[in-house]
Amino acid sequence: MAGCLCPDAHVDTWITADRDHCWHPFTRQGEWEKTDPLVLVGGSGVWLTDSKGRKYIDGNASIWTNIHGHGHPVISQAIKDQLDQVAHTSYLGFANPRASELAERLCGFFPDSGLERVFYSDDGSTAVECAVKMAIQYRLQTGEPDRTEFIAFDQCYHGDTMGAASLGGVGAFFERFRKFGFPVQHVRDLDELLAVSPEQIGRTAAVVIEPLVQGVNQIRPWPEGMLRAIRHWCDQHGVHLILDEVMTGFGRTGSMFACQREEVVPDFLCLAKGLTGGYLPLAATLVQAEIYQGFLGGAEKAFYYGHSYTANQLGCAAALANLDLFEQEQTLELLPEKVDLLGRLLNELAERSDLVIEIRQCGLVAGGELRAPDGSAFPVTDRVGETVCLLARDHGLLTRAILDTVVVLPPLSITADEIRHLCAALEAAINDWSHEQTF
Ligand code: PMP
């Protein structure tokens, strides 16, 4: 399908069916129904193709999932080979070869650390959801029934299922559901964590954080050393550490996992998005052996949690191929140059533009914040970030803004030339927008 020119009649049918029957995530549907959506039909490398044959750089890695590019023959072949065996089998009561191999490979990234059990689920939200439920149940059955609350960070995002949403700190998404969730204390930074009262500590099962950089909070890197300090605090107070590496996992920040950059080993490690290279939905929650031990025993200690597609064989096969590619294509070894180039070009862009107030970056996760020339924030209702991203399409770039921060998070396989194209397209879009303004 890649590169195809779809007959207009088909495209019209898809758009009509979308308008009549589809409901998109995080979308103002009232407006959506009145616009002609871009219909994506193909992908090759970092490029996506729409139904009219136009090509765009996937600047958002298809919601932060894609690692080695689209249509990669190694991942495609792994999925096809698995399809010839079997697509999906129950993981409730049965093992499967790909899930066994993958669990061993994932734990192999953390040798002798105790992080040696893998619980599979389907997406980032459920990877966090099950960590939270495990953290609660562990306390209930190991003699600490009052330690079932959580500490998370302001403006954090850990997914949309009710447990993950309870942790969430983005008011616009989660406030209306707050009273239906469980108690979470939100802290702004390390200092506020260190100042949490002894009473609160005594009630706390775990601290939850996106290590090194918050994604949905407009790409905000944490101060260096903070993760290590949090690990130390957790150890001192008998609190578990849940790391949400749904976005940062699989090379995004420069090492395979962000926690490795500060030599921190969590009690729970939540992985999804890039786990399958962005090809199929699959998630994994890695758990410390000691916590797992707390679930051994009779029926009363079992973890009653799971999904129909847990440990899907196609997903696990894609994930194994994804890991193979890191070695075959030297993905991590080639990354530092790309990270430097992206940072340099974005900062040069910011110097030329009086609208880009700040570039925030951590590995191949970057955001450029737009402000008015006098430095003031644009009114939220102006939706400047969103408009700039729409204009970028005319220059061959697909990406997304979070408020007025344009997110740049391409597949790790992006080349230097493609990084240049991406930055040039972004600059052209910002210029297009500013030419229409009277400041
Ligand atoms: N945690 C983080 C840090 C995320 O960025 C996301 C998704 N943006 C999630 C969890 C939720 O993942 P999913 O959308 O796959 O449920």
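Glycine residues also receive a Cβ, built from the backbone N, Cα and C atoms like all the rest.
Because TrEMBL annotations are produced automatically, they should be read as predictions rather than curated entries.
In the three-state DSSP scheme, His307 (pyridoxal 5'-phosphate binding site) falls into the coil class. Within its own chain, His307 (pyridoxal 5'-phosphate binding site) has Ser121, Asp122, Thr126 as residues 6 or more apart in sequence whose C-beta sits under 8 angstroms from its own. Summarising the annotation, TrEMBL assigns pyridoxal 5'-phosphate binding site to Gly124, Ser125, Asp244, His307, Ser308.
Arg400 (substrate binding site) falls within a strand segment according to DSSP. All protein chains shown were included, and the count of other CB atoms within 10 Å of the CB of Arg400 (substrate binding site) stands at 18. As annotated by TrEMBL, substrate binding site applies to Tyr157, Lys273, Gly306, Arg400.
According to TrEMBL, the feature N6-(pyridoxal phosphate)lysine maps to Lys273. Applying an 8 A CB threshold to same-chain residues 6+ apart, the list for Lys273 (substrate binding site) reads Ile63, Trp64, Thr65, Gly124, Val246, Met247, Gly249, Phe250. In the three-state DSSP classification, Lys273 (substrate binding site) falls within a helix.
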Per DSSP, three-state class assigned to Tyr157 (substrate binding site): coil
Candidate with sparsest Cβ neighbourhood (10 Å radius) among Gly124, Asp244, Gly306, Ser308, the listed binding-site residues: Ser308
Filtered binding-site residues, from Gly124, Ser125, Asp244, His307, Ser308, Arg400, whose Cβ is under 6 Å from an atom of ligand 1: Gly124, Ser125, Asp244
Nearest recorded site to Asp244 (pyridoxal 5'-phosphate binding site) by CA-CA distance, among binding-site residues Tyr157, Gly306, Arg400: Tyr157
Length of the line joining the Cα atoms of Ser125 (pyridoxal 5'-phosphate binding site) and Gly306 (substrate binding site), in Å: 13
